[in-house]
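For reference, TrEMBL has these:
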type: TRANSMEM; residues: 32-51; note: transmembrane segment
type: TRANSMEM; residues: 63-83; note: transmembrane segment
type: TRANSMEM; residues: 119-138; note: transmembrane segment
type: TRANSMEM; residues: 158-175; note: transmembrane segment
type: TRANSMEM; residues: 196-215; note: transmembrane segment
type: TRANSMEM; residues: 227-245; note: transmembrane segment
type: TRANSMEM; residues: 257-288; note: transmembrane segment
type: TRANSMEM; residues: 294-311; note: transmembrane segment
Amino acid sequence: MRPALAVGLVFAGCCSNVIFLELLARKHPGCGNIVTFAQFLFIAVEGFLFEADLGRKPPAIPIRYYAIMVTMFFTVSVVNNYALNLNIAMPLHMIFRSGSLIANMILGIIILKKRYSIFKYTSITLVSVGIFICTFMSAKQVTSQSSLSENDGFQAFVWWLLGIGALTFALLMSARMGIFQETLYKRFGKHSKEALFYNHALPLPGFVFLASDIYDHAVLFNKSELYEVPVIGVTLPIMWFYLLMNVITQYVCIRGVFILTTECASLTVTLVVTLRKFVSLIFSILYFRNPFTLWHWLGTSFVFIGTLMYTEVWNNLGTTKSEPQKDNKQN
């Protein structure tokens, strides 16, 4: 029952979270900081009440290690959300972030001195080619917008390049954080709930430097059209409703993934998360009418096939299917 619940939470929470994020970004592309702050505050308060026991429970991992992890996590979250303000479309944003396998492999080779099979190198090549195709086609769309003058078109392309740079930086930083987290868990044991709380609570003072931008967008949110929330009948500015739903669905998404990792094998987690990303991408393209060519579809298929190849899904599924047959023969 719990695995089924976890899968439901992942799809319901993560997919709807992307929808509300796109609704926010379409109206106010620069709202990344207020979105990040709201998500961090909500999860920090929840963790303080239920995980840290109002501050009475000491951390299993020393705070100095969390400080390093938090610096990386805060940077990744802010940069990823801010990239939407740099001419990056939501489908490209999702595809690019699916390239985490590349970053993990590169840093794993450099830092942990890991070696991989030819099969895994092939899968990573597929993912890389897929991301390159989608990125290249998106670049052509940015530069060929007929509504822009030549000067404005060049300026839009420069901002888009900065957005790609920001996503690349966040991808590598996220992979480095994953390696650091892996070494901490080997040393102190896994404490996922605790890490979730400290990763969101400790960065909160850092938002002081973003306070003016957060305040400006809060003012803009207040000026948005009023919306009556169904069932409860409360009326509030629609941008605040989108933000509230984004925060709640983000929490549901994180909790779903957490339950999934504790109840299911890593193969199942990878399959569910990969499928969830694909469903989110399809919805974004169809519902929001984001431009998506045949080349984009080709690149996307490369990314997802490469991801599934890397996790050796087919081999594992084949093994799983053959086991019952062997048991039957023995009986």
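Keep in mind that glycine also has a Cβ here, set from the backbone N, Cα and C atoms.
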Counting Cβ pairs under 8 Å that sit 6 or more residues apart, are there three or more between the transmembrane segment (32-51) and the transmembrane segment (196-215)? yes
Remote residues contacting the transmembrane segment (227-245) - C-beta distance under 8 A, at least 6 residues beyond either end: 16, 20, 23-24, 27-28, 34-35, 38, 220-221
Quick check: do the transmembrane segment (158-175) and the transmembrane segment (294-311) share at least 3 Cβ pairs under 8 Å, counting only pairs 6+ apart in sequence? no
Would the transmembrane segment (63-83) count as touching the transmembrane segment (294-311), i.e. at least 3 C-beta pairs under 8 angstroms with sequence separation of 6+? no
Same-chain residues at least 6 beyond the ends of the transmembrane segment (63-83) with CB under 8 Å of its CB atoms are 30, 32-33, 35-36, 39-40, 93, 97, 163, 166-167, 169-170, 173-174, 176-177, 180-181, 184, 195, 198-199, 202-203, 206, 210
